[in-house]
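Pulled from Swiss-Prot:
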type: BINDING; residues: 30, 31, 32, 33, 34, 79, 154, 209, 333; note: substrate binding site
type: SITE; residues: 79; note: site 'Transition state stabilizer'
C-alpha cells in the first residue's frame, strides 16, 4: 500500500520540484553513520549486514541525524549491496574494506545464476519505512539503491577496485554477457526501489559511485540505457528522483538524461570537482542540483567550513539563475567518519541562515 505523506512545506521537496523553498534545504550523504557516537554504540553490537536487515536498527539509525542535526531530509539507513544479499548473493561488508563477494560474477553462467529479488526478502526495510514515515513528521524520507553499473563492478571485481579492470574488460570484450548482467541488476534495483516506494518513501536516490571511471562514450553505450530504465520504471510512483555519482563531471549531461523526462521532479548530484554553475550548463533543462561541499572541508576548522559553505550556497543560487530548477545543499560525497558531529550541526544551521 502506498502510504506516502503530503509534505507541502518541505524545503527539500520544494527545491527538487522547482518551487521556492522556505530556506535552502540541506542533508548529507552518510549523515547516519560513523561520525555519530550514537551510531557507533549501536553498531558495536551488530554487523553492518545485521543492521541493514533489522527494522528496529534501520529505524533508529535513520532518525539519529534528524534528531541531532535538524536536516531537511532523512535518508534510509541501508547499503547499496543490500538487494544483492537479499537476492541470494553470498557477500559481506568487511570493516575498513567494503563489500566482498564470495564468488565473483565472471562468466555468462555466473550471470544466468543471479536470481530476481523477491520483495519479501526486504520486508524489514519496508517495515522500517512504515515506522519512519510515522515518526518523521514533516521531514521527507529518501529511499535509495545502488545503480546497476556500480553493483556490477562489485560483483565482477569481487569487492572494491581502483581500476575496475575486470568490469571494463567484460563490458568491452563480452558485450552480451555484460548487458545480461546489467539487465539482471537493473531488475533487482527496480524491485528494491519499488519495495521502498510502496512502503512510503517520499523520494529516491540512485548512487552510481563508480560511474566516474567511464568515458562518456562508454557510459552512453553500456550504462545509460540500464540506469534510464530504473528511473522510467519508478516514475509512475510520482516521487522525486535523484541520480548521483562521484567524479562524473563529463557524465552529468548523460546522467541527467537518465533521470529526467519521466514526468516527475528530477535532480542530479554534483561532487566538489565541478561547480554547481558549471553543472547547470551541463544537465538537461528542468533538472535540480544537489551538492557539493567537499567532505574534507568539515575537518578543516570552522573558519574554513563557514567560508566554503557560503560559497556553495552562493554557487547554488547562481546555478538556479543559470537554469537549474532548484538547489539542495549536500556534500559531494559521504560524511567522513572523523567528522565532528557538532560541525555538521553548525553547518546545517548556517545553511538555514543563508
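Placed from the backbone N, Cα and C atoms, the Cβ positions cover glycine too.
Known features from Swiss-Prot, placed on the structure.
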| residue | record | contacts (Cβ under 8 Å, 6+ apart) |
| --- | --- | --- |
| 30 | substrate binding site | 334, 335 |
| 32 | substrate binding site | 39, 61, 62, 64, 65, 74, 75, 77 |
| 34 | substrate binding site | 40, 43, 337 |
| 79 | site 'Transition state stabilizer' | 48, 52, 93, 99 |
| 154 | substrate binding site | 81, 84, 91, 99, 101, 160 |
| 333 | substrate binding site | 29, 246, 271, 272, 295 |
Taking only the residues the record lists as binding substrate, namely 30, 31, 32, 33, 34, 79, 154, 209, 333, what is the largest Cα to Cα distance between any two of them, in Å to the nearest whole number?
23
Quick check: in three-state DSSP terms, what is residue 30 (substrate binding site)?
coil
